[in-house]
Amino acid sequence: MVKNGTRGERDLVKLLWEKGFAAMRAPASGGATKKPLPDIIAGNGEIYLAIEVKTTARERIYIDSEKIGALLRFSDIFGARPYIGIKFRYRDWIFLSPGDLELTPSSNYRLDLDIALERGRDLDEVTGNHRQTRLR
């Protein structure tokens, strides 16, 4: 899964560049440092994004609360919009704000494909290119 996650991050960085954003994978994200770093940092001089990237072949994904907390801390300091970018197999990228996620009894977060499609935004909406009404 790490291999697919890294590939997903690289693919998303490429897509962000194509949308006119300078974008990079954050070095040492994912636990190699104590600093709260997202997987991807991107900006175009007007909009700044901090993105925690997840890829999955399933229709449900779980995210550690520590990752969401770090994303929110970084975004607050940096002045970025925090997003979780999720690539479900055979689907385009879906972006959600941390508030769109469901808290589990163990204080982590869960996201089902149906909820992601209902609440999520596409890449154009996140980058300010148009307003998405729904992904379904």
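Quick reminder: no glycine exception, Cβ is built from N, Cα and C everywhere.
Per Swiss-Prot, the feature active site maps to Ser29.
Sequence annotations record features per position, and here Swiss-Prot assigns Mg(2+) binding site to Glu9, Asp39, Glu52. In the three-state DSSP scheme, Asp39 (Mg(2+) binding site) is classed as coil.
The site 'Transition state stabilizer' annotation in Swiss-Prot covers Lys54. According to DSSP, Lys54 (site 'Transition state stabilizer') is assigned to a strand segment. If you draw a 10 Å sphere around the CB of Lys54 (site 'Transition state stabilizer'), it holds 20 other CB atoms from the protein chains shown.
Figure note: comparing Cβ neighbours within 10 Å for the binding-site residues Glu9, Asp39, Glu52, the maximum is reached by Glu52. DSSP assigns Glu9 (Mg(2+) binding site) to a helix.
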